[in-house]
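What follows is one structure encoded as structure tokens, with my remarks underneath.
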Amino acid sequence: MQITRPHNFETFIGQKNLISTLKAMIESSKKQNKVLNHILFYGMPGMGKTSLAGIIANETKNKIHFIQGSNLEKKSDLINILSVINENDIVFIDEIHSINKNIIEFLYSAMEDFVFDLIIGTESNAKALRMKIKPFTLIGATTKINEMAQPFKDRFGYIARFVSYNAEDMKQIIRNSIKLLNINLGEEHFDFVASYSRNTPRIVNHLLERINDFAIVKNAGIIDKKIIKKTFKSLDLYEYGLTKDHVEYLQLLRDGFDSKPVSLDTLSGVLIHPKEVLVNEIEPILLYLKLITKTSKGRMISSKGITYLLKEKLIW
């Protein structure tokens, strides 16, 4: 059995303030018989943004349309989607920052007034046409909110940041997931598994599935500390759930540049990773764990980062 997404607010773990606000918005829109305001979710990948959009659709009993931002390249792409929706439908655009920048402003009137302003014909024969669309709710999700234009962000009635999950949240997610997977993982292992998840629900669910795989194949279905460690070793995971990419980054700062500040451009060139990958995928957990620091001169490994490498026997 696969782990399924939560389907209502009660089964969604964490993000309490965010959910409290969403509940109030939904209840208010029902009482006023108004379309739900547009909502923008932002935060790290795997935190539950898509799941929560689905829950909003369930709670409002409205249809949801899932779209990838990168697939919206032309005005016609937007028209094709928004011209066929029903009143109060939800349009969820994942990675909304990746919509073609040339059509973003075309979306503004659709969000504010539920219309499209079109120009039909060319030059002297051009005519302005206003096309009405049915009231809808746009829910956007992004891992790169800084790439969104301020006027675009201003058109969302609620902008919500997904905060890091705490230890208790992660243990509850594990508790729920092992029931769905029908695996016998003792509570004494919850903290250890959670510590490798980088406090991310999607990651912990993937880890549980792989632990289950190894237990079935290597240990007659029995999950103990030994098989969990074997799983993590096979996945090339280190303490705190760091990957080889994280470790190579730390090693480069420590050994390649004698623990001196290094520019992002230099790191990108040596590690052969785009700067965006370093900033959005590798550095966040290292900064959160205080294994690195950012200075005006560049990135530096911290004393805690050096201690981490020594503890993991990654430097001598």
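Here the Cβ of each residue, glycine as well, is placed from N, Cα and C on the backbone.
What Swiss-Prot annotates here:
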REGION    1-165  region 'Large ATPase domain (RuvB-L)'
BINDING   ARG5, GLY46, LYS49, THR50, SER51, GLU112, ASP113, PHE114, ARG155, TYR165, ARG202  ATP binding site
BINDING   THR50  Mg(2+) binding site
REGION    166-236  region 'Small ATPAse domain (RuvB-S)'
REGION    239-316  region 'Head domain (RuvB-H)'
BINDING   LYS294, ARG299  DNA binding site
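Highest local Cβ density among the binding-site residues ARG5, ARG155, LYS294 belongs to ARG155, counted as other Cβ atoms within 10 Å over all protein chains shown.
Geometry remark: ARG5 (ATP binding site) versus the residue listed as 'Mg(2+) binding site', CA distance 9 Å. Its own atom aside, the Cβ of ARG299 (DNA binding site) has 23 Cβ atoms within 10 angstroms in the protein chains shown. With the fewest other C-beta atoms within 10 Å around its C-beta, ARG202 stands out among the binding-site residues LYS49, ARG202.
Cα separation, ARG155 (ATP binding site) to LYS294 (DNA binding site), rounded: 33 Å. When Cα-Cα distances from the residue listed as 'Mg(2+) binding site' are compared across the binding-site residues ASP113, ARG202, LYS294, ARG299, the shortest belongs to ARG202. Taking CA atoms as the reference points, ASP113 (ATP binding site) and LYS294 (DNA binding site) are 43 Å apart.
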